Amino acid sequence: MNRVSCESHWDTGAGMGSAPCTDYAEIVVVRHGETDWNVEGRIQGHVDVELNEVGRQQAAAVADRLSKETAISAVYSSDLKRALETAHIIANKCGVSEVIQDANLRERHLGDLQGFVLHEAANHKPNAYQATLSARTDEEIPGGGESLDQLFHRCTSSLQSIGMKHIGKRVVVVTHGGVVRALYKRAAPTERLQTKILNASVNILHLSSKEDWTIKTWGDVNHLNNTAFLKTDFGGDNTSSAQINPECSSCSSG
């Protein structure tokens, strides 16, 4: 895992932290709140599914947490509704006037698998299903789906660009389960992700001016203690293709 030379000075309490380190940007990566398709175990990918009421409660909870910490200088989001609504709730609570949309933060496009529950896909779209079992990271999913390599390149490049624009600042990025896994791989390429990627979970990265990435916090859902949330983490880990093939980490519901 890459490390930066400057220790964190970010406050995690009531917003009274020291001045941020000027050598890195702190990126708070948030997975979107729950959708009905998450509950059903249905693969979302690029399908534009909205948050359900629990998802909105989750978004409000993470927004309340972040509003009590060090000030947020910008909020970025995937342009898909489930992420964008989560981001707007955070931005409004944290006093950020706009949400910057970035299509490169979208979930992996899962081609013919989108709209199916995973066990249905095995029967109805066998070619696409088999593509998720491939050990090849350049394997594209039939029906316009992306490879793991394509997902990794677009989302890590996007986050690097965001980080370089905000050195010395704290920013929020709202995205999807498959993207969060790819970002973890960029930060810790030799380590296997052990924690689940739950809806509205908080994951904190430091991106240095030398393009080093450091993980500070991963999979934190303490702010959701008083809300309902999906402990099965559908789309982040357990029902991704990682459950079928450990080498494939990103066939995610979103």
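Even glycines carry a Cβ here, placed using N, Cα and C.
Look at TrEMBL and you will find His32 tagged as active site, tele-phosphohistidine intermediate. As annotated by TrEMBL, active site, proton donor/acceptor applies to Glu107. As annotated by TrEMBL, substrate binding site applies to Arg31, His32, Gly33, Glu34, Thr35, Asp36, Trp37, Asn38, Arg82.
Structure with TrEMBL features highlighted.
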| residue | record | contacts (Cβ under 8 Å, 6+ apart) |
| --- | --- | --- |
| His32 | active site, tele-phosphohistidine intermediate | Leu51, Gly55, Ala59, Ser78, Leu80, Arg82, Ala83, Glu85, Thr86, Val174, Thr175, His176, Asn199, Ala200, Gly254 |
| Gly33 | substrate binding site | Leu51, Val54, Gly55, Arg56, Gln57, Gln58, Ala59, Arg82, Glu85, Thr86, Asn199, Ala200 |
| Thr35 | substrate binding site | Gln44, Val49, Glu50, Leu51, Asn52, Gly55, Arg82, Gly254 |
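Distance between Cα atoms for Trp37 (substrate binding site) and Glu107 (active site, proton donor/acceptor): 14 Å, as a whole number. The separation of Arg31 (substrate binding site) from the residue listed as 'active site, proton donor/acceptor', Cα to Cα, is 10 Å. Here substrate is bound by Arg31, His32, Gly33, Glu34, Thr35, Asp36, Trp37, Asn38, Arg82 per the record. The longest Cα to Cα distance in that group is 15 Å. Other Cβ atoms within 10 Å of the Cβ of Arg31 (substrate binding site), summed over all protein chains shown, number 30.
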